[in-house]
Amino acid sequence: MEDSYKDRTSLMKGAKDIAREVKKQTVKKVNQAVDRAQDEYTQRSYSRFQDEEDDDDYYPAGETYNGEANDDEGSSEATEGHDEDDEIYEGEYQGIPSMNQAKDSIVSVGQPKGDEYKDRRELESERRADEEELAQQYELIIQECGHGRFQWALFFVLGMALMADGVEVFVVGFVLPSAETDLCIPNSGSGWLGSIVYLGMMVGAFFWGGLADKVGRKQSLLICMSVNGFFAFLSSFVQGYGFFLFCRLLSGFGIGGAIPTVFSYFAEVLAREKRGEHLSWLCMFWMIGGIYASAMAWAIIPHYGWSFSMGSAYQFHSWRVFVIVCALPCVSSVVALTFMPESPRFLLEVGKHDEAWMILKLIHDTNMRARGQPEKVFTVNKIKTPKQIDELIEIESDTGTWYRRCFVRIRTELYGIWLTFMRCFNYPVRDNTIKLTIVWFTLSFGYYGLSVWFPDVIKPLQSDEYALLTRNVERDKYANFTINFTMENQIHTGMEYDNGRFIGVKFKSVTFKDSVFKSCTFEDVTSVNTYFKNCTFIDTVFDNTDFEPYKFIDSEFKNCSFFHNKTGCQITFDDDYSAYWIYFVNFLGTLAVLPGNIVSALLMDRIGRLTMLGGSMVLSGISCFFLWFGTSESMMIGMLCLYNGLTISAWNSLDVVTVELYPTDRRATGFGFLNALCKAAAVLGNLIFGSLVSITKSIPILLASTVLVCGGLVGLCLPDTRTQVLM
């Protein structure tokens, strides 16, 4: 009986020893596999695995193996029958430990403290170390994925969004004269349209940039572009000026998020050697947006025949068609963006390892198939993710209803955006943020300020040239005639019109002096900058015309009738004769950016971002002095093209530097803040330079030159990001 009991006891001990040994060997193999996966992209040595392949046991450093530890003679009677499953679990109550026990309980076995025992500073320090390791690994992964079809597809999708931003900036200036007059805007409120759009873009840049760091690049960009497209379309149909302002405000608010989100999104799928060049190529779409807006304005707005009316109150003029056409790039980008994935770098930053891995594999497979290498396997199996620091959200007890919960959620998100923004002024990016603030402000102030000043300087030159082309018709008689075409830039003096019919005529800059109209009919007539001075009308009928009393100067009416006069505000802005030239000059100025874009893209990675940034701003400041010698329209247009061509290189390099200087967790927020500052500087520049147009030419030139040169010198003090990985 005793022998059988001892045999069973020995058998049980032997089985436990075997199970314990198998467990240790399994742990060892799993640890080796995990270590190899983590070391694959961190360039660590694999020597620690070479001597462990055939080990009989796996022990922590500092412990030795005693071959008789499991023998009956070496075993303790006190531990006989003990099983590992019977041990007290961590977290069970084990009594209050002494001070010495507390010190030795965890640290003595060489295990790190749990996160629950660490303060926030320690956790953030560990997270920074994880982010540095992830940055190196992610760069190698992107290099393995290659640059190909996926990046080019995303390039064109994001390019459409950037094009929509460029269109939005130009739309304001092009529709401003027509919209203000068409919507019956008094002079006191005429400047609100331009300011309200920039205000919306300023707030939108800050909000959407911060949101992109919270919910993702793709989601933020989809929402902001949808807001822009919807309210841009809606603004083309509204009739009241207040509602029109509201629509343009929200349209600007939506498009404000395009630039910070687009550049952050695209930079995170580019390898280091491709980043500067391809971000510069992406900047070309902003220029394409300006060219598109200028060309459409040139082709659409001056054509007043492209309009219709529903009664006398609802007028749909050509500038509204222009607004609809300018919303098409935004709609196209929204549709295309739905087929693109989220930024994998953002997903890794927020701890979504599996989703990021799937997207990186998609990028790799897409590019390899395009290269004709579909059999090439994506070798990455594990990617480092930064330590996630939990943030507690306090939800009040009265948030039972859905709208209260929604309010708390919105308030929490806004508070999170604000905290991320404040971190842009923490170490190690605080100094860079201050320098970037100066560079963004000076470049925007000088660029947009002179952009307002140029057209106002050119306009008097255009007026003089237009006056030289005026056709003068004097002392002639016309009887039994019908005119149904456009009359433009003419002066009729001492004329007599008998039994004439003016049907559907567009009068543009036409003046009648000392003329007589007998038994004439004006039907469905539209006039712009047209006046009748000291004229006599006898038995004349006016049907559905826009001839307001102020257009008849010292004129006399005998037995005349007015029927169905057009009500509401008609397009009567005075300098319509220069509309073609204004759009054409803007078209040329935008087209001049093309050489600067090409040069900056080709040289960005060769001469460096800082050389490009500082050199372009200094050269732009110097080029302003040539404006003193501009005495003709063609010379001023040439100076405008030169200035725009030099400035665009500074804009491109500044975009690249800004993206590369901020880490992923605050990249879009920092970019959004700087872009919002850019819009504020643009408004300030418009106000200051606009007030100096009629005073002197020297002050705007000196101001712009000084600001640009100073900003360029500060830009040279920024750290060079050409060789660093994207944090």
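Cβ coordinates are placed from backbone N, Cα and C, and glycine is handled just like the others.
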Swiss-Prot topology check: A271, R411 same side of membrane: yes
Residue from Y466, N534, N559 whose C-alpha is spatially nearest that of N480 (N-linked glycosylation site), among the recorded positions: N559
For the topological domain 'Cytoplasmic' (213-226), the number of residues DSSP places in helix, strand and coil: 13 helix, 0 strand, 1 coil
DSSP-derived helix, strand and coil totals, residue by residue, for the topological domain 'Cytoplasmic' (658-669): 10 helix, 0 strand, 2 coil
Set of same-chain residues at least 6 away whose C-beta sits under 8 angstroms from N559 (N-linked glycosylation site): I538, D539
Other CB atoms, at most 10 A from the CB of N565 (N-linked glycosylation site): 13
Non-local residues, at least 6 beyond the ends, that sit with Cβ under 8 Å of the transmembrane segment (699-719): 432, 435-436, 438-439, 441-443, 445-446, 449-450, 453, 610-611, 613-618, 620-622, 624-625, 627-628, 650, 654, 657, 661, 688-689, 692-693
Spatial neighbours of the transmembrane segment (155-175) far in sequence, C-beta under 8 Å, 6+ residues away: 193-194, 197-198, 201, 221, 225, 228-229, 232, 248, 251-252, 255, 258-259, 262, 265-266, 278, 281-290, 292-294, 297, 301, 319, 322-323, 326-327, 329-330, 332-333, 336-337, 339-340, 583, 586, 590
